[in-house]
Each structure stands twice: as C-alpha cells, then as structure tokens.
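As recorded in TrEMBL:
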- 68-80: compositional bias 'Basic and acidic residues' (COMPBIAS)
- 90-101: compositional bias 'Basic residues' (COMPBIAS)
- 102-119: compositional bias 'Low complexity' (COMPBIAS)
- 128-139: compositional bias 'Basic residues' (COMPBIAS)
- 140-149: compositional bias 'Low complexity' (COMPBIAS)
- 164-174: compositional bias 'Basic and acidic residues' (COMPBIAS)
- 223-249: compositional bias 'Basic residues' (COMPBIAS)
- 19-38: region 'Disordered' (REGION)
- 68-249: region 'Disordered' (REGION)
Amino acid sequence: MGKRDNRVAYMNPIAMARWRGPSQSAGPTIQDYLNRPRPTWEEVKKQLENKKKGSKALAEFEEKMNENWKKELEKSREKLLSGNESSSKKRERKKKKKKKSCQSSSSSTSSSDSSSSSSDSEDEEKKQGKKRKKKKNRSYKSSESSTCESESESKESVKKKKKSKDETDKEKYIRSLSKKRKKTCPEDKPLSSESSSESDYEEEVQAKKKRRREEREKAMEKAKKKKKKQHKKHSKKKKKKSGSSHKSG
C-alpha cells in the first residue's frame with residue numbers, strides 16, 4: 001500500500017482575481033447616489049407652502065388651548081376669593097368669642113384677687129423664714145472657717161518651732177567646733193566665724209558619708225571573697241571525685 005498524493009497545485013490569488021473580473025457588490029454605488037431622482041424648483045416651493053400651512057394650524061390650536069386655560073384660571077381665582085372671604089368671617093367670629101370669654105374671666109379674677117392676697121402673705125412669711133435659716137447657716141460656716149484657720153495657724157507655728165530647733169542645734173555644733181579649733185591651733189588667724197563653721201559642718205557631713213560608703217564597699221568585697229573560696233573548694237572536690245572514678249574504671 002502506497003501513500004496518497006495530497007499535493008495541491010499553487011494558484012496565484014491576484015491572477016485569479018483578475019480572471020474573475022470585478023466583484024458584484026450588494027449595496028448602491030456612488031454612481032447610483034449621483035444619479036438619484038431630485039425634485040424640481042416648483043416642487044420645493046410647494047413643500048415650503050405646505051409647511052407654512054401646518055404651522056398656522058398649530059398656532060390656531062395653541063390659541064384655543066390658551067383660551068381654555070384662561071377660563072380655568074378665572075374659575076380657580078373665584079374659588080380662592082370666596083374661600084378667603086369665608087376665612088375672614090370665621091376669624092371675626094373667633095375674635096367676638098374671645099372678647100366674651102375675657103369679660104367673663106375678668107369677673108372671676110375679682111373674686112380670685114381676694115384669695116391671692118391671702119396666699120401672698122403666706123408666701124412672704126415663708127420667704128422670711130428661709131432668710132433666717134440662711135443667716136444661721138452663714139454664721140455656722142463662718143465659725144467653721146475660723147476653726148480651720150486656727151488649726152492651720154497652729155500647724156504653721158509647730159513647723160516654725162521645729163525649724164528654730166534645728167537652727168539652734170546647728171549653731172551649738174558650730175560653736176563647739178570653733179572652741180575645739182581655738183584650743184588645738186590658737187596661732188591661726190581668726191576667720192569669719194559663720195563661714196568657717198558652716199564649711200566645717202558640711203565637711204563633717206561629707207566625711208560621714210564617705211565612711212559609710214567605704215564600710216559598704218568593704219562588706220561587699222568580703223562577701224565576694226567568701227563566695228570565691230567556696231567555689232574553689234567545690235571545684236577541687238569535683239576534680240578529686242572525677243580522678244577517683246577514672247582510676248576505678
């Protein structure tokens with residue numbers, strides 16, 4: 001069994017199109033558009049006249065609609081005017097009723113005035129009682145404020161006393177120091193008493209602080225040395241144990 005020959009002869013598409021000739025299009029061509037039927041000048045004039053007539057008919061229709069609309073407007077105005085007249089009449093009736101009610105109320109107020117005068121006197125008495133209570137409260141508050149002020153003054157006096165005691169203690173200490181100096185070095189020149197005594201007091205305070213710091217540092221060093229000794233002893237014991245275990249093995 002041999003293979004089929006599926007080869008096709010090559011056809012030049014341009015040559016084929018020329019051989020077929022011009023293609024037939026479905027739509028109208030440009031020549032058809034140029035050769036279309038056109039109206040004459042007389043026919044155009046007739047069309048314009050017909051359009052004008054149509055516009056006249058529309059104008060007549062609009063005029064009729066305007067007339068009908070005007071009639072409807074007149075009717076609605078008449079209704080509104082009649083409604084306003086009726087509302088004005090109602091207002092007048094209401095005013096008359098109010099006047100009558102005011103006259104009847106004035107007669108009743110004359111009788112109520114006598115009762116209100118008695119109630120006014122009671123109100124005045126109540127107001128006077130409230131004023132008296134307010135005065136009492138004010139006097140009580142003023143007494144409380146005076147006690148608070150006395151307490152605050154007593155506290156301030158206590159604080160002042162404490163300050164004066166501290167100052168006297170300081171002065172005594174400074175005097176004792178100055179006496180000691182005079183005994184120890186009488187050849188030195190006398191300095192201003194206040195400045196030298198204060199400087200001595202400050203120096204002693206600083207010296208005390210330094211001593212405390214040194215004592216703390218010494219205690220810390222001792223504790224560190226003890227820990228190191230304990231650590232060394234522990235490490236030696238471990239080494240001995242490890243050596244003995246190796247020997248036994």
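Yeah, the Cβs are placed from backbone N, Cα and C, and that goes for glycine too.
Note on the region 'Disordered' (19-38): DSSP counts are 7 helix, 0 strand, 13 coil.
Broken down by DSSP into helix, strand and coil, the compositional bias 'Basic residues' (128-139) contains 12 helix, 0 strand, 0 coil.
Taking H, G and I as helix, E and B as strand and the rest as coil, DSSP gives the compositional bias 'Basic and acidic residues' (164-174) the counts 11 helix, 0 strand, 0 coil. Residue counts for the compositional bias 'Basic and acidic residues' (68-80) under DSSP, helix first, then strand, then coil, are 13 helix, 0 strand, 0 coil.
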